[in-house]
Structures are given as structure tokens and as C-alpha cells.
Protein chains: 2
Amino acid sequence: MNAQLSEPMISSQRALSAQAMAFASVGNVAVGFDILGHSVAGAGDRAVVRRIDEPTVRIAAIHGSSHELPMDAARNTAGAALLSLRRALGLQHGFEVELHKGIALGSGMGGSAASCVAALVAANALLERPLPREALYSFALDGETVASGSRHGDNLGPMLLGGLVLATRDRLLRLPVPEAWHCALVHPHVVLETRRSRAVLADGFALSEVVAQHANLALVLTGCHRGDATLVREGLKDVLVEPRRAPLVPGFSRVKQAALDNAAMGASISGGGPSVFGWYERREDAERAASAMAAAFAEEGIASDTLVSPINGPAATLVDEEVE
Amino acid sequence: MNAQLSEPMISSQRALSAQAMAFASVGNVAVGFDILGHSVAGAGDRAVVRRIDEPTVRIAAIHGSSHELPMDAARNTAGAALLSLRRALGLQHGFEVELHKGIALGSGMGGSAASCVAALVAANALLERPLPREALYSFALDGETVASGSRHGDNLGPMLLGGLVLATRDRLLRLPVPEAWHCALVHPHVVLETRRSRAVLADGFALSEVVAQHANLALVLTGCHRGDATLVREGLKDVLVEPRRAPLVPGFSRVKQAALDNAAMGASISGGGPSVFGWYERREDAERAASAMAAAFAEEGIASDTLVSPINGPAATLVDEEVE
């Protein structure tokens, strides 16, 4: 048996079906474009995965999405991840997947990544020797690439491991964060596709911008390692990407100001947007901020949902099928 | 008295002269352009500073430099730093400075920064209430800007505090590094001016390069915080600046290979070059590497000096005037 198992074994060979939930996430976290993210409690995608005899991967159903999502496994984020898992392990059997979307696509909260991770965590539990979470990362990246056209793990990483995660091409590292620190995440009901929010980044970046962002990243990482909010407060500013993306998010500057006015360590766009997040030293501040941010969107005539979560948010988890 | 004093007080008001030594440094450290550096034992600049009644700063003499250096205080790195100190503290008296250069200018080892820091540390000891080291940083930046045309603290920071230092515009943070880790630093006897090595960075950087470098920076910082050489080994690669500067350093690829062939965690150009450094887990490896790197320069017909130092190198220090 693998000593690093993070999954409970589903009892014996007879388990043919498992269900997992992967939670939302804040991507980029202002200073770590494509490499830094944290999970967020309170919303998630569920995947029910069944082991099937045919050597293939099938998407059986997708519930709860207002978008038309690909049912062709190779073009579906969850399907592509399971195909990659099958290939890498040389599995004889296949998988059938049913997805229950709880995170809106194009929200900047990792909607595609969550389906991918939930499906992998469920499928992994059906293996004779489930892999450690880190070992699922490369399959998840294969799935994410299908959805976003870019191989980045800042949503996948925190969903797999929980909390704040540094996700490079080859590796996931969970970073320490004080338990008391919370995030306010507000999702306005406007759609912004990841591909569109990437297009505004096509031009080059000046050295001065890059150096300023490096310094901010270093301050945030050091602040998290030391549990020092002063350092995070100094560094949690996106000078590279936010200025280019802010015009794509209606009402952004007003919402960001609302986040900052409530004692935020910093605030920016989550992932490709349009969701906006702020980081707080205390849950109460995050709760007040979430209301103020939603009110700011409302002033622009935009409805929104809010989430308040520890930055040490939950990892994806197996759930009882009875929940179904 | 200031509780954070890091200088011993020179006894009573009557001390009119102090001498300080600031050591060489590795700038940029591959992944932290302009913000990350560490000090290096074995070479340094000395400054003798005298308190004078005239409300001015004078450069009395500069010894040991093959270059013509500015004797006009406002255009000299040490002079400009002391002028800035005088102005900020509203001092009635002035300073006279004598510099003894031990670090070659245009070497990439912080030659101008060392004169600046040595002068500040000596002058600080002559104040009625010496400032903590961190408080000298902004004056040092004023001096460095005169010398290099760019306000960056990756040499100044480690010289002021010792060891590996994150130097942002406003702040210095000493980062933990295992005591056993060493650096090999090889200085070829060719001159490369900081301004020239900055000119090649004028063009913009692609997002993919920036993200790769971010990831490397995050790996190195996390590796240092954890004392995990595997992470540093993965991250200590400059994908942003080194490719553009390498053609300015004769024999660079051969010298870098020699550094890597001796178990380096990583190797790159120090500061603006032409010096080349490698990081090692053990002193023995750094010593073997330094010889191999010097041999590689020799094969190109270039003489060089080598230094081997803990990455936790020394901070600038007051020295007895009898050394004079």
C-alpha cells in the first residue's frame, strides 16, 4: 500500500462508484498569476464516478450548468483528466462521470477546475491503490488545459490539497496561513470567459512592472510563512494583471474600494474575473466586507453572491453517496 | 536610547572618526531581479568617516580603484548617501570620507553599494543616537541611485543586514538560509558596466516568461524558508534576465556548466555581471566548483578571482581604526 494515501480506501474491490466534492477557489491571489490560489468553503462541484468495464471515459450527465458543456470526454475538463489518468496507469477499466455543477463557469472561482478535481478524487477512490493527492495534479492539468487553453494549476492545486497552494508546472506546495485569516469572495452575475480575460494580457510587460510584482509576491509569501499581516498588507497588490483586466469587470474600482474600506490586507480580481476577493485578518471584517462589496455591485445594477471562508479552505473530499 | 541599536556606541561624544567594512554581495540571485541578494565573505570596501564642523560632505580620498571615481560628494555613492543622511536628520555637522575599495567596480558584486554602506555604517556610529541598520536603507538607496541610475537594494540590503535579504523599495527582510549552504562566486577580469547590462533589458517581457520566473522565485523563497534544497534546485533558474545578459559575459555558458557540474542548486550571473555564482549545499562542493569555474574562464583566456562564502554572509561591521 502507498504510505502517503490521503484517501480512505473504499471498502474492497466491490466499490464501483464514488462521489467527491471539490470547492471553489481564488486564483492568482493578486501576486501569483497562474501559480497561487486558495480554496474557498461554501460552494463546490460534485462528481459521481462509476467504474465501467468498457475501456473508455463517458460523461453521462451534467446538472446545474446554465452553459452548454462538452459531453465529449476528450473536450470536457473532467473527462480529459480521467482519460489522462487511465492512460498513465494503463487501466483496463473505464469511468462514467456525472457532474453536478455548484460553481458558475466563467466566474473566476475555478468552475472548470472543480469538476476536474472532483472527478479525479472520486475516480482515484475506485483504484485498487489510490494515489496521493499530489500525484493527481498532472492529470488535473491535462483536464484544465482542455477547458481554458492554458496549463495552469492555481485553482487545481488548492482544490486538491486545501488552503493556500503554490502550483508550479511540476509541483504543488501548501503554504502556511494563520487560521484566523479569511477571504471575502463576491461573484457578480456577469459572465467573463477565461479566454477573453487572457487576451488582454498578450502585450509585453515592462521590467519595472515585473520587478514590482516580484517584490509583492515575495512580501506575500514571506508574510504567509511568518504569519505577518503587515507584510501581506504591503505586498497584496497586483500591478501586472489587474490594471489590464479591471476594465472587463463592471464596477470593479468601486467594489475593490469597498473591500479595502473594511480593513482588507488587499483585494483584487479572482482568477480571470469577474469575481472579486479581499483578504482579512478576522472573519468579522471579511463578513462586513462581503456585504459592502455586494452592495457596491448592486449600485451598478449587478446582482451577486458572496462567500466568506478561511484562507485555509477545504480540500476536495469524498462524500457519502446518500447525499445524492 | 534607541532600543534597536545594532551598532556598539563609539564611546561618548568625543569619537570623531569611525571605520567600517561592507562585504561583497551576489545581486539578483537568479530569481529576484533587483530585490534579492546575499552578502559574501572575503572581499569588501572600507570607509573611514570623520565628523567635521563644516555642514557638508567631502570625499577626501579614494584608494584602490582602477577607475576614476567621482570626488564630488553629490555624484559619489558614499557621498550622496551621507548627504541624504545629513538632510534627513538635520545634522549640524558634516562628514569627511576616505574610501578603500576592495571590490572591483562593474564586477556584479556590489562594488558601489559596498562603499555606500561602509560609509553609512561608519557615519552612523558617529551620531549621538545611531540608527538601526534598517533605517539606513533609504539613505543607501539614495547613494546607489547616483552610482547605477536605478533605485534597487539587492546589494545594499544584504550588506546592511548580512545573509540573504529581500529588499523592496521600502523594506528589508532577512530570509532564513541553512548555515551549511555556500556560494561560489567567480569574478572574471573583464569590466561590464551596470548601465550597459541594464540596456539589454529595455524590451518587454512575455507573460509566459514572467509566470515562469514568478514560479521560480516562489520555489526559491519557499525552499529557503523550509531549508529544502530540492525546492531551491527546482527554482534557482533565471528565465527572464540571464538569457538577455549571457551574451555580454564572455564564456558564460561554459562557466555556468562548470558551476552546475559540481552539484550546484543553481547558477547564474551575479548582479549585472560579469561575475558568475553558484549555490551549494556544502562548502566542499562550492570550493570545487569555484576552481572549475575559474578554469573555465581561463580556457577563454580570462583571469579571475574566486570567493567561497556561506550564503549567510556577514553584515557590514565597524572595524578598529588600527587596521588602517
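The backbone N, Cα and C atoms fix where each Cβ goes, glycine too.
Along the domain 'GHMP kinase N-terminal' (A:77-163), the predicted structure has mean pLDDT 96. Marked as domain 'GHMP kinase N-terminal' by TrEMBL: A:77-163.
For A:GLY106 (ATP binding site), the Cβ neighbour count at a 10 Å cut-off comes to 21, with all displayed protein chains included. Among the features that TrEMBL reports, ATP binding site is placed at A:ALA104, A:LEU105, A:GLY106, A:SER107, A:GLY108, A:MET109, A:GLY110, A:GLY111, A:SER112, A:ALA113, A:ALA114.
Annotation comment: TrEMBL describes A:223-298 as domain 'GHMP kinase C-terminal'. Counting residues per DSSP class in helix, strand and coil order gives 44 helix, 9 strand, 23 coil for the domain 'GHMP kinase C-terminal' (A:223-298).
Annotated ATP site A:ALA104, A:LEU105, A:GLY106, A:SER107, A:GLY108, A:MET109, A:GLY110, A:GLY111, A:SER112, A:ALA113, A:ALA114; additional same-chain residues within 8 Å of its Cβ mean position, judged by their own Cβ, are A:ALA24, A:ILE103, A:ASN155, A:GLY271. Shown in sequence order, A:SER66, A:GLY111, A:HIS187, A:VAL191 are the residues of the chain, 6+ apart in sequence, with a C-beta less than 8 angstroms from the C-beta of A:ALA104 (ATP binding site). Counting other Cβ atoms within 10 Å of each Cβ, the lowest count among the binding-site residues A:GLY108, A:GLY110 belongs to A:GLY108.
Helix, strand and coil counts under DSSP for the domain 'GHMP kinase N-terminal' (A:77-163) come to 50 helix, 7 strand, 30 coil. Of all the binding-site residues listed (A:SER112, A:ALA114), A:SER112 has the fewest other CB atoms within 10 A of its CB.
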